[in-house]
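Per Swiss-Prot, these features apply:
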DOMAIN    138-411  domain 'ABC transporter 1'
BINDING   G171, P172, P173, G174, C175, G176, K177, T178  ATP 1 binding site
DOMAIN    489-701  domain 'ABC transmembrane type-2 1'
TRANSMEM  507-527  transmembrane segment
TRANSMEM  549-570  transmembrane segment
TRANSMEM  594-614  transmembrane segment
TRANSMEM  625-645  transmembrane segment
TRANSMEM  651-671  transmembrane segment
TRANSMEM  735-755  transmembrane segment
DOMAIN    805-1050  domain 'ABC transporter 2'
BINDING   G842, V843, S844, G845, A846, G847, K848, T849  ATP 2 binding site
DOMAIN    1122-1336  domain 'ABC transmembrane type-2 2'
TRANSMEM  1173-1193  transmembrane segment
TRANSMEM  1229-1249  transmembrane segment
TRANSMEM  1260-1280  transmembrane segment
TRANSMEM  1286-1306  transmembrane segment
TRANSMEM  1314-1334  transmembrane segment
TRANSMEM  1369-1389  transmembrane segment
Amino acid sequence: MAQTGEDVDKAKSFQVEFACGNGVDDEEKLRSQWATVERLPTFKRVTTALLHTGDDSSDIIDVTKLEDAERRLLIEKLVKQIEADNLRLLRKIRKRIDEVGIELPTVEVRFNDLSVEAECQVVHGKPIPTLWNTIKGSLSKFVCSKKETKIGILKGVSGIVRPGRMTLLLGPPGCGKTTLLQALSGRLSHSVKVGGKVSYNGCLLSEFIPEKTSSYISQNDLHIPELSVRETLDFSACCQGIGSRMEIMKEISRREKLKEIVPDPDIDAYMKAISVEGLKNSMQTDYILKILGLDICADTRAGDATRPGISGGQKRRLTTGEIVVGPATTLLMDEISNGLDSSTTFQIVSCLQQLAHIAGATILISLLQPAPETFELFDDVILLGEGKIIYHAPRADICKFFEGCGFKCPERKGVADFLQEVMSRKDQEQYWCHRSKPYSYISVDSFIKKFNESNLGFLLKEELSKPFDKSQTRKDSLCFRKYSLSKWEMLKACSRREILLMKRNSFIYLFKSGLLVFNALVTMTVFLQAGATRDARHGNYLMGSMFTALFRLLADGLPELTLTISRLGVFCKQKDLYFYPAWAYAIPSIILRIPLSVLDSFIWTVLTYYVIGYSPEVGRFFRHFIILLTFHLSCISMFRAIASICRTFVACSITGAISVLLLALFGGFVIPKSSMPTWLGWGFWLSPLSYAEIGLTANEFFSPRWRKLTSGNITAGEQVLDVRGLNFGRHSYWTAFGALVGFVLFFNALYTLALTYRNNPQRSRAIVSHGKNSQCSEEDFKPCPEITSRAKTGKVILPFKPLTVTFQNVQYYIETPQGKTRQLLFDITGALKPGVLTSLMGVSGAGKTTLLDVLSGRKTRGIIKGEIRVGGYPKVQETFARVSGYCEQFDIHSPNITVEESLKYSAWLRLPYNIDAKTKNELVKEVLETVELEDIKDSMVGLPGISGLSTEQRKRLTIAVELVSNPSIIFLDEPTTGLDARAAAIVMRAVKNVAETGRTVVCTIHQPSIDIFETFDELILMKDGGQLVYYGPLGKHSSKVIKYFESIPGVPKVQKNCNPATWMLDITCKSAEHRLGMDFAQAYKDSTLYKENKMVVEQLSSASLGSEALSFPSRYSQTGWGQLKACLWKQHCSYWRNPSHNLTRIVFILLNSLLCSLLFWQKAKDINNQQDLFSIFGSMYTIVIFSGINNCATVMNFIATERNVFYRERFARMYSSWAYSFSQVLVEVPYSLLQSLLCTIIVYPMIGYHMSVYKMFWSLYSIFCSLLIFNYCGMLMVALTPNIHMALTLRSTFFSMVNLFAGFVMPKQKIPKWWIWMYYLSPTSWVLEGLLSSQYGDVEKEITVFGEKKSVSAFLEDYFGYKHDSLAVVAFVLIAFPIIVASLFAFFMSKLNFQKK
């Protein structure tokens, strides 16, 4: 047991041990023990408490040194049943504070006439960012000013969020809820224009630190995937600090001592434990884990799209917990219930209500679909519509207000759902209650006018007119310090986390080091004893080995771009929350990478130095190592700085590629400094590669063994250096070392400054078409038209086969990381019937999605037991996928096509080939109307949270894509998550209509309103742990399910107008089972309903007479040619509308071509010696290698993004993997050809190559094939690896290999015979041979070569092994390479599946 030190040791001598039944009064024992604590000094007293150990004795403990078991024991004692015990805990804490007369700090938030406007760009035509539109737009910036318009998000809103009260923020998507929350928390983007004022306790936002005073909980769940839930919360608790808790605790302790009050030991221990700052593990973390229901997954990692982790609902709760674990009592929470069931939402909101009412917290929460029970927990409501406040007053008066406006909430309708629908033009009429008066649409402005004229509006206006009395609040209510911790504590916290992340990513670092070892082994054997002979030729080989080492270390830094970008989202969030300053994050990430650089550089030096044959002196060995180390550090620092400045993957890729190009071009090896144009010579001194070359060459060529004098009266070493222009004297080594250290310091300083001052990446700017903008402007002045019923045209009816899915005793097991087997589903039996809409419900973590995945066949791991039948026959996944549709919880779509195109693509590939195009298009149109997407059918889908559709639009698109496939069976995983009540009702009406056509439909659902819940016909209810609690019909008004549960002894009756779904989840949750002392799963198995269901399932599992097993004449609905055409059409749209992908490639090759042309200006016309030919070869090498590297890098992210879409579409049997892969391959051809043409047109005349059509064609052909090869190799590396990080690490090795065996750093003739096969396998060797041989293989001009006279063609054959007669073979190999690599890409895409489900 942890102790406080000497004082506690003395106090322990007074500890009273007591046994049960010893006759001493418990209160006297407690007072006696408490007296020992009271004797301690003040500081020790507030960190010392009594902890009951469970054996009728108490120990004196130091709360700063509590062990995990002790913290959890205390929390379990305080909060066993969350709803009741949390309230009791807060009341006890408040009672203790009130007993000594301490007033807690409170905050009142006011906003007056608050307006927010955003600028958007107006374009003519459709606002789609195609390649042509982007080029046109970029050019127009220089010709004319772009047209912009302003969109009002919030329009003069005013209100008060009061302490001690819970306020609900309601409104449809797009009404400005998120903007209002961000404005109140001081977190609005700098790109928007803000008017009006916001104040806390009468102080404007500029007078204090609002980000620390209030806590804003975003809709986006951004977490570090490698950290567990507990680690995430512990870090947040540590960084947010304790606020004024310690000061309050000291004052409580002082006053209690004066009044001789003995507090409850458990309450005292808890309050003291959460009042200690900077702890690695916090008691507050255990408390938040408990009340948010995250204690069951506390040690599970957060995970992400590519790594397994917690569920979506748990991630949403983690986002909430990360903020509320801090000391702030002003909470602004944005849609915290997404992905949560209604029972869990009620529990969390109930805890927040208790915090507001008892602790005086100020809480404003926006919710999309609050259940009636959750809605009743709020004190006030702010109703937003069209950026304006319609109602801002007590919740209890809101129905009365709308009745006064002529609208009444129906009896079995949730008030929150009614409030969101009553503002809708399409839904308003059904709530009109003045039947004697004709209905006409009442606009938002009319509601606002009525509210302002009401007594409620008058009271709000009157309160706002009175200034806040600052004398009535505590000084510490507001925060005036940016950071809670000292600089040292912040650095320690960030360092601890960085070390943990490095441990979690150890496989990636080991993988990188393993590849480095492989590269080193290859390099040392390629350059085996290259330095054994000291002459100009072998000196050139040694230079090549040095360049290879430096290039490998340069490429080794490239993955740092992706790693840094991947963490920037979480960093930006935490920086905005003032968890820590940028330097506290930067310093650990810089320093802790140094040991890895030391290891990698040392491995390379140890393996290669003596084998290659460098100077054998030990001192020179270590000096060689030091240069490699400082260069490696400078490269990693440079890429880190680039990532912190550019912030997006596309910008980082192009900037990183340009940086590598510049470093190599001006590094002194590709083109010697002496050969560079004078006016570009300054570039040499700005390249870290130059200084690394200077350092390595000075270390080697000024060594004693290179001091042999040559005919020119200079040493052999100086002769080699003179040829390369690197002879800067013996002491240039230390100059180079100092320069490299300077680069390391400069880039790391730049990285830190960019993190500090660079604005966070924002959501892409809005673009609106000119026509749409004019339409919006005109509608502002048009009267609202009467609602007229639209004549319904005949619906598109497509044939389908009704199918029943039965499942008996289904069990599912997975293997845990510890090697144990864990069962997730227990003996699940049921049936999904045609024409029946089935709801699959349960609390978060009950196994709903797991069961849906098992039934649909989406699981890629684990063991499934039991029987699943379709139409009475055993399920065959290949045919089942053709007749079923699956709407995923996470909306995965191709980002660069429109909404309508997404549906057309799905219909094209999934509907039978005999259905004509007209029928398909009519079906697409009908589905668009059904899910109300017709208004945005021409909108780009975009990336979630970055561009394109909103969450609810994306959700409707997911459903629409499946509906157009005309499936017999539809699985929907949480189709209403992220939707408001109206959108959810629209979606569920569409789903119900689909079920009524005779299709089999099942969907999981978390927070159904009464209306939505009662649209279902049957219910499958699961409890936590994957066990079945109920399967059967709902009945009218849920009568059958209510009757079943009410028949169980001890279950409370459902209240009038209560949502049966919420009631059902409440009574079957774990705490309710504990309270009732029963197991609902066992109760179901013992019921007659279970026996009846077993009989029904057995009957449905038998095939009917005359029926046949599901079969199709072909594996896919379309022919192979049809699949290829459809996939190619989508890939064309995706490429054409992705300028960030293709335009950057075009810009890079233009820049590369121009730079090479300027550096090698007209050098091809005057070849006099081997160095002139080496320089020309260097120009070819630069164009081929670096243009290829850039293409390879940029295509990888595109393929990785589209691969997730590919997995979804392949599962649906939309197409063959080969059709998808070859469409991806073919779409690259025109873009690569365009790049090749641009490169050839620029480079060929400027460098001065022979102006021959034949030679020019060879140049174009070689570059074109080279770009294709690199593109396809990038695709292949993505196909071979589970995530982009691994692919990028593999890319570094690939670059090193194609560089080493290109024939540039080591010619073919000198490559050892055991590695010559690698030369022939390297595509760059063939490309360079084709370029050089076609230009000079037939040139008979004599040149000076290492002191001899030889013809150019003879030198090419003698030194490089290039023959002009071999060009036919080269031409064949060049076209064979892309075909082979493309085929390998297609093969591995079809065989490998890294999706873990």
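Using the three backbone atoms N, Cα and C, a Cβ is placed for every residue, glycine included.
Three or more CB pairs closer than 8 A are found between the transmembrane segment (625-645) and the transmembrane segment (549-570), so contact between the two stretches is assigned (pairs 6 or more residues apart). Most Cβ pairs under 8 Å with the domain 'ABC transmembrane type-2 2' (1122-1336) belong to 489-701, among the candidate stretches 138-411, 489-701, 805-1050. The Cβ of K177 (ATP 1 binding site) has 24 neighbouring Cβ atoms from other residues within 10 Å, across all protein chains displayed. Counting every protein chain shown, the Cβ of T849 (ATP 2 binding site) has 22 other Cβ atoms within 10 Å. Put simply, S844 is the one of the binding-site residues G842, S844, G845, A846, G847 whose Cα lies nearest to the Cα of K177 (ATP 1 binding site).
Annotation: stretch 594-614 has the most Cβ pairs under 8 Å to the transmembrane segment (507-527), among 549-570, 594-614, 735-755, 1369-1389. With pairs at least 6 apart in sequence, the transmembrane segment (651-671) and the transmembrane segment (594-614) have fewer than 3 Cβ pairs within the 8 Å limit; the two do not touch. Taking Cα separation as the measure, C175 (ATP 1 binding site) is nearest to S844 of the binding-site residues G842, S844, A846, T849. In this structure, K177 (ATP 1 binding site) is part of a helix by DSSP. Counting Cβ pairs under 8 Å to the transmembrane segment (549-570), the top-ranked stretch among 651-671, 735-755, 1369-1389 is 651-671. Each of the binding-site residues P172, G174, G176 was ranked by the number of other C-beta atoms within 10 Å, and first place falls to G176. Other residues of the chain with a Cβ within 8 Å of the Cβ centroid of G842, V843, S844, G845, A846, G847, K848, T849, the ATP 2 site, are S311, D341, T850, M1022, D1024, G1026. Note: the Cα of S844 (ATP 2 binding site) and the Cα of T178 (ATP 1 binding site) are spaced 25 Å from each other. In this view, G847 (ATP 2 binding site) is surrounded by 23 other Cβ atoms within 10 Å of its Cβ, with every protein chain counted. In the shown protein chains, 18 other C-beta atoms lie within 10 A of the C-beta of P173 (ATP 1 binding site). Residues of the same chain lying 6 or more positions beyond the ends of the transmembrane segment (651-671) and with a Cβ under 8 Å from any Cβ of it are 543, 547, 550-551, 554-555, 558, 561-562, 565, 638-639, 642-643, 645, 680, 683-684, 686-690, 692-694, 724-726, 1144, 1147-1148, 1151-1152, 1155-1156, 1159-1160, 1175, 1178-1179, 1181-1182, 1186, 1189-1190, 1193-1194, 1197. Counting only same-chain residues at least 6 apart in sequence, those with a Cβ under 8 Å from the Cβ of G171 (ATP 1 binding site) are K177, S366, L383, L384, G385, Q420, D980.
In the structure as shown, the Cβ atom of G845 (ATP 2 binding site) sits within 10 Å of 23 other Cβ atoms.
Surrounding the centroid of the Cβ atoms of G171, P172, P173, G174, C175, G176, K177, T178, where the record places ATP 1, the chain contributes additional residues within 8 Å, namely L384.
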